[in-house]
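Visitor: Just dropping this structure here.
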Amino acid sequence: EAADAGALVAEAGLAFDVAYTSTLKRAIRTLDHALEQSDHMWIPVTKAWQLNERHYGALQGLDKQQTVDKHGLDQVTIWRRSYDIPPPDLDTTSPMYPANDPKYAALDANCMPTTESLATTAARVIPYWQQVIVPELKAGKSVIIAAHGNSLRALVQYLDGISNDDITELNIPTATPLLYTLDADMRPIPDADAIAPLQGKYLGDLDAIRARIEGVKNQTK
């Protein structure tokens, strides 16, 4: 999927100056494939924990069925699909607590989450966008970001002005390039091929992309 995404980027003739991704392997690998396929391996890459996937607290490491068996489908649905209700906190002695991971050794443990909702995910994603990525864009650079379903949902909610209720129903297909053109105020210029409520457009066959969106939706039922 990631290689195909890179091929779509190349086919669209897009050129990037800098890249951003999370500190999690799947996003890093996705970016690597995309950069290789689009001949951008040479551009600088920044890995930022602020772009990490939402932390699911005590649910970390459990698959969907295990989570449902332990907590019940109704409660799991509330945690997964609400905007501001997080799962139970992860015990800070757990190896899955980020502060116990060597990759975050240089960071203040107080900034590492024990659980997150989409709202608290946005509370770290959006400041990073505003303080780090927007200055690059204002300097005239083109940026590619490889992140995760929830960190990207937080970002497009901010860019597209999507309500808290509507963003919980938005599903973003994996490894599918989403192109935004921004005006001087860093607001999206609506694309004629955008799939509402987004104003940026997915690259590729739109019917196939809609099917992928439905596939993501069904995974969360």
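Any Cβ shown, glycine's included, is placed from N, Cα and C.
A TrEMBL annotation is a machine prediction, not a hand-curated record.
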Visitor: Hey, TrEMBL has substrate bound by Glu53, Arg54, His55, Tyr56, Lys64, Arg80, Arg81, Gly149, Asn150. Any idea which of Arg26, Arg29 it lists too?
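Guide: Within the candidate list, TrEMBL flags Arg26.
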Visitor: Could you round the CA separation between His148 (site 'Transition state stabilizer') and Arg80 (substrate binding site) to a whole angstrom and send it over?
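Guide: Per the Cα atoms, His148 (site 'Transition state stabilizer') and Arg80 (substrate binding site) stand 15 Å apart.
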Visitor: With a 10 Å radius around each C-beta, find which of these binding-site residues (Arg26, Arg54, Tyr56) has the fewest other C-beta atoms nearby.
Guide: Arg26
Visitor: What residue among the recorded positions Arg80, His148 has the most other CB atoms lying within 10 A of its CB?
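Guide: The largest 10 Å Cβ neighbour count belongs to His148.
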Visitor: Need the DSSP three-state call for Arg54 (substrate binding site) to compare against my parser.
Guide: coil
Visitor: Please list, in sequence order, the residues in the chain of Gly149 (substrate binding site) that are at least six apart in sequence and whose C-beta is under 8 Å away from its C-beta.
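Guide: Sequence-distant Cβ neighbours: Glu53, Asn171, Ile172, Thr174, Val216.
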